[in-house]
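In Swiss-Prot this protein carries:
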REGION    1-21  region 'Disordered'
MOTIF     57-67  motif ''HIGH' region'
BINDING   Glu555  L-isoleucyl-5'-AMP binding site
MOTIF     596-600  motif ''KMSKS' region'
BINDING   Lys599  ATP binding site
BINDING   Cys889, Cys892, Cys909, Cys912  Zn(2+) binding site
Amino acid sequence: MRVKDTLNLGKTKFPMRGRLPETEAQREALWEENKVYEQRQKLNEGKPSFVLHDGPPYANGPIHIGHAMNKISKDFIVRYKSMTGYRAPYVPGWDTHGLPIEHQLTKAGYDRKKMSLTEFRDLCQKYALEQVEIQKKGFKRLGVAGEWDHPYLTLAKEFEAAQIKVFGAFAKRGLLYQAKKPVYWSWSSESALAEAEVEYHDVVAKTAFFTEQVQDGKGLLDSDTYLVGWTTTPWTIPASEAVAVSADFEYALVQPSGSDRKYVVAASLLGDLAQKFNWTDYQVVKTFKGAEMEGMTTKHPYIDRELLVGLADYVTDDAGTGLVHTAPGYGDDDYNFGKKYNLPIFAPMNDQGVLTAENGPEFDGVFYQDADDISLRLLEEHDALLLEEDLEHSYPFDWRTKKPIVFRATDQWFVSIDKMRDEILKAVDEVTYYPTWGKVRLRNMLKDRGDWVISRQRVWGVPLPIFYAEDGTPIMTEETINHVSDLFREYGSNVWFDREAKDLLPAGFTSEHSPNGKFTKETDIMDVWFDSGSSHQGVLAERDYLTYPADMYLEGSDQYRGWFNSSLITSVVVSGHAPYKSVLSQGFTLDQSGKKMSKSLGNVIDPNKVVKQMGAEIIRLWVMSADTSADVRVSMETLQQISESYRKLRNTFRFLLANTSDFGPENFVAYEKREAVDQYMTVNFNHFLAGMRDEFDRYDFLNAYKHLINFVNNDLSSFYMNVAKDVLYIEPEDSHVRRSMQATFYEILSGLTKLLTPILPHTTEEVWSYMDEPEDFVQLTEIPEARTFENGNALLEKWEGFMELRSHVLKCLEEARNAKLIGRSLEASADLYLTASQQELLADLGTDAGLLCGVSALSVHDASEAPAEAESFSDNAAVLVQAAKGEVCDRCRMTKEDVGSDPAYQQLCARCAKLVRENFPQTVEEGLEK
């Protein structure tokens, strides 16, 4: 018999290498085949519900790493809730309408003007559904559990029908109105945009300081006086109707030396402006308040038009001249000013951003960006240009086409936010936010939000269910809305485009505004944010196993102005409360340098590729490790580091499995009867479990990750599993000390496997398949609640004191290793010179301190006896590490002076010789081979 045959070496077929790209897919197929998600839902029937409502990603293109972070984060929470006493169904969804899909078809060669609207919409639907399948495959491959066979789609008939009812709630409350107002206009999309569809980029603009001659100065200013205006959009000057000044500002009438003109600018800006205009010598003729200028008129610099001077509180003196050129058709503030002074709302531009002849013959047919130069030339020709200079500033862009947009007055349908702002803000306060600053972010977005333009001049979307009478009166009564909703539920929204208005109205419908019984219908569609913002009705209220409001909405922080925002508004209108009880927001995924990922920069981390190379578990563990409350940097190097952490976790599972392979329920040892170190680790694990559950409950996965890695690396790998080898391998198979440790091992193995299932379901299911448990899948078990122990806190405190002592021993061992005094720790002996209280602590452990410190011999002495060469630490205590005396035992690998003391076992220490003699008596005669 060989020495190793006398050892209880752990055995398991659980592989060291996970081969994740291959095995994960097999496991996912097994889950699908066995309907594990459905089984979990059935198990949770009758339990309190927790509904995380999925914010629908846009159905266009394969999933990216931001998608992965979002969906995996949701999966953590849903799986955790499902395994801790909640019924937590998860219905994934997709946003399937909108301009990008139209663009994709145009790019593919389809011309929507050469086919019927329904034909084009059918192509859009086909494309959207194809994209849903592509993304669905990607999400499922990440291990995300949910109703993949029954997701929600904003193009679904029942969703569209519910959305029409939401629109009806706005109509019923009188919150909808039609107006010609400046809106964000995307010439590249040929449509109005909502605030949530706009992003800002820094651009360099041509700015102009220009003059307008006073025509009627109200006795305060003469006709040789010129008001100095400033604009960052010279192309809007042809549409100028007025000059805005601040009532409270002090304005200066300035006469530059050698000039026959006088100029008016804000007094606070005069110093800077004089420098800009090279007014080296000038006289301030007089100063006056802006309020005195109200009602004056000036001449347009190059068009035969009189301009009004009026008062506005949006005028500032932090840039420009303190006098603002005002074109009511090209800006929100300008529009409100125009309404106040009854000015024409003039925006002479077509849908493609091309100026019309109303601007003047020079501008007819000119793209607005090219019109800057024409306007500047005309200013110069009319001696009205004081200065042209470039300015870098933030400018709005269409978030989808990445092209600049304009403010342009067009006829649109709006939701009046002002009428319900107080209700909306009250609803904000009733929600819990993770992180807490989310409340302020959302509140500020809604506090300052303008009216919501909900009409879009596009084809692929849900039509505005508005009819028009013969005299132009809009019709959207409860009767017509409900009828359209019913039609959509039966036929889908294509019916709106297929039928005439009369065939979409209820049978026999009449209106006093249509004496001849003729009606027309609206051709615009709804903003897609109205689509997704209605999902609380289209999904939560539509499916009886979900709850409204949802327990949580979880999305990127951009959704404070997007989905969180639109959903809140629609929900308040429909039911008077928020659609969610809590909101969790996340940052964006960036590359390792903090840059946005883009194919052109070559810095994209493609989750589909990572899954094929490394496995979904690596992405999942990375998500757990990331501070998702802020922007998250990720690179292949990051994922490589995470794969190292994964390898340690996997090896831990493997060690626990191997060393419990011969352990069954009949071998169980109750906590009270366990050895001291096992009692400590039982309490310690439950303390860890309680902390992890608390962090999961608070959605603090980052700290949970830190605690997990710390527990696995330090408590298990560096300490307990190290100590365990001497017990599990060396002691008799059925000895109490070994079974005590195995009982603890198994509890940790079982608890850790269940606890990590929300995070690493592929791996924990693999581990579970090697455990002898009644449930076929670990997902169908419950995460255990942490146990409490009567002496638990005192025990942890005592062992914490010992761990402090042990850390000093380990430090000295490392120094001895570096000095080549020893190789392995078991080649060392340690002499501890301790205070009385420290000696008492060691004696009270009830365990061999040498074994716990990983040395072959440990002696305890009084602190006063410490020799000079001993390394001191707290309370005058000291440690002296030396090479252990004796020979290495072939069985336990300890260095002992009693090796060979039993003549039958010359290569074994006395302890091992005794154990072998008792358990393998045949070896006394046969002997042992190395």
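Glycine residues also receive a Cβ, built from the backbone N, Cα and C atoms like all the rest.
Between the CA atoms of Glu555 (L-isoleucyl-5'-AMP binding site) and the residue listed as 'ATP binding site' there is a gap of 23 Å, rounded to the nearest whole number. Across the range of the region 'Disordered' (1-21), the DSSP-based residue counts are 6 helix, 1 strand, 14 coil. Apart from Cys889, Cys892, Cys909, Cys912, the residues listed for Zn(2+), the same chain places the Cβ atoms of Ile730, Asp890, Arg891, Arg893, Met894, Lys896, Val899, Leu908, Ala910, Arg911, Ala913 within 8 Å of the centroid of those Cβ atoms. Of all the binding-site residues given, namely Cys889, Cys892, Cys909, Cys912, the one with the smallest number of surrounding CB atoms inside 10 A is Cys892. For the pair Cys889 (Zn(2+) binding site) and Lys599 (ATP binding site), the Cα-Cα distance reads 61 Å. Around the Cβ of Glu555 (L-isoleucyl-5'-AMP binding site), the number of neighbouring Cβ atoms within 10 Å comes to 21. Listed in sequence order, there are no same-chain residues at least 6 apart in sequence whose CB falls under 8 Å from the CB of Lys599 (ATP binding site). Under DSSP, Cys892 (Zn(2+) binding site) is assigned to coil, being neither helix nor strand in the three-state scheme.
According to its DSSP assignment, Cys912 (Zn(2+) binding site) is helical. Across the motif ''HIGH' region' (57-67), the model assigns an average pLDDT of 92.
Following the DSSP three-state reduction, the secondary structure of Glu555 (L-isoleucyl-5'-AMP binding site) is strand.
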